[in-house]
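Peer 1: Checked TrEMBL, it gives:
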BINDING   20, 76, 116, 423  (6S)-5-formyl-5,6,7,8-tetrahydrofolate binding site
DOMAIN    212-346  domain 'TrmE-type G'
BINDING   222-227, 241-247, 266-269  GTP binding site
BINDING   222, 241, 243, 246  K(+) binding site
BINDING   226, 247  Mg(2+) binding site
Ligand SMILES: Nc1nc2c(ncn2[C@@H]2O[C@H](COP(=O)(O)OP(=O)(O)OP(=O)(O)O)[C@@H](O)[C@H]2O)c(=O)[nH]1
Ligand SMILES: [K+]
Ligand SMILES: [Mg+2]
């Protein structure tokens, strides 16, 4: 196994830059630059040298094998964050035999290979690094802490037990089956199914927290939609004018509303139009509004252009003229509008689970279908045990794919190890 190194902090000038070295030769490489290393998990101030040539005064930190992010021996140099210091340390490290620059993501890959992180935790870590809002940070941290892995391993344990029970009855098929295992199997399957269903439902919400909720402003031409968008965004994102039919394309503005990532969509005013381009804009407006998580119907005295869905907000515009509702021009009622949006979306966000990606949702849905099928087979009698076991196998494989464990031999070993019916 090579020993790898890389700049762990962002490139460019900074107060501090961190270079990380991981692998079997990390400690000896650290000694080449820093002399004697401080004891593991303590820091020491050292002069880093290239031969006799001092490079920088740095804090040096070491982690023993099994007690580091990667699971390997690790040395970290906390340097003055200068481009010249960083490149001098990197070039000194590359001259140490057995060391090479890390590939992108290689530290994390090693962490996974050494079972310091499961695949979902790796995804959680990537999300945490990408997180821009509070909701994203909290969600990513939940996943990084291993919440999905904990749930999955409990489900998996229950399914392995259920499979072992069924396998035992298959082998007894010709003789008298000693016990009816189906109540226990059903109980295990039902418990898992309930958990998987909850997570699958929450996954869509979690995806929203990752990628952002979409909120569409819809209404008649000249209702003041673009003016409202600009007021919410705090800048002139959209063209506004007294000409009805100004907005054609869908405009997107990313915002952070009380920690939730939200994309506000400004859309073309909805009306019957002879103008070909405007009609195209109206089609887009309708499609995007229908797909959005929430719609704000900005009224200007007319009937609703679309049916509102659950949670949608219907509000009168130009309150400075109409005496009621909100105004993008004066800002009246906007705080309350933002509160309304935030409260609807926060309520939805509260149903987020620990499965946060489409990949998770797909794997969980596969497990769910297999479990539903297994349930039917178990209820159809002991002669269907083999089919039921096969479905449980599919569910276990789906959970293994979810956690990045796909080795079927491992599953087999566990099933055989858990046999407990005197076989
Ligand atoms: N008095 C008043 N005028 C407003 C308000 N909001 C918008 N307007 C005016 O109404 C006209 C239309 O505003 P826009 O924001 O372009 O309306 P829109 O709904 O985006 O219009 P389309 O894109 O054409 O559908 C402009 O002249 C705005 O200045 C408001 O709250 N009060
Ligand atoms: K307009
Ligand atoms: Mg507009």
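Placed from the backbone N, Cα and C atoms, the Cβ positions cover glycine too.
Any idea what these are sitting next to in the structure?
Peer 2: Neighbour list (residue 76 ((6S)-5-formyl-5,6,7,8-tetrahydrofolate binding site), Cβ cut-off 8 Å, at least 6 residues apart, same chain): 8, 18, 19, 20, 21, 60, 61, 62, 63.
In terms of DSSP helix, strand and coil, the domain 'TrmE-type G' (212-346) has 42 helix, 31 strand, 62 coil.
Residues near residue 247 (GTP binding site) in space but far in sequence (CB under 8 A, at least 6 apart, same chain), listed by position: 225, 226, 238, 239, 266, 267, 268, 269, 281.
Within 10 Å of the C-beta atom of residue 222 (GTP binding site) sit 20 other C-beta atoms, taking all shown protein chains into account.
Of all Cβ atoms in the shown protein chains, 24 besides its own fall within 10 Å of the Cβ of residue 226 (Mg(2+) binding site).
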Peer 1: Let me know how many other Cβ atoms fall within 10 Å of the Cβ of residue 225 (GTP binding site).
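Peer 2: Here the count is 31.
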Peer 1: I'm trying to understand the geometry here, so how far is the Cα atom of residue 222 (GTP binding site) from the Cα atom of residue 243 (K(+) binding site), in Å to the nearest whole number?
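Peer 2: Rounded to a whole number, the Cα-Cα distance is 7 Å.
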Peer 1: Can you name every residue in this chain, apart from 222, 241, 243, 246, with its Cβ inside 8 Å of the center of the Cβ atoms of the recorded K(+) site?
Peer 2: 221, 240, 242, 244, 245, 247
Peer 1: Hey, which of the binding-site residues 243, 244, 268 is the loneliest by Cβ count within 10 Å?
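Peer 2: Looking at the binding-site residues 243, 244, 268, the Cβ with the fewest others within 10 Å is that of 243.
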Peer 1: For each of 20, 116, count the other CB atoms within 10 A of its CB; which of these binding-site residues has the top count?
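Peer 2: Of 20, 116, the one with the most crowded Cβ is 20.
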Peer 1: Report the member of 241, 246 (the binding-site residues) whose C-beta atom has the most other C-beta atoms within 10 angstroms.
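Peer 2: Per the Cβ count, the most surrounded site is 246.
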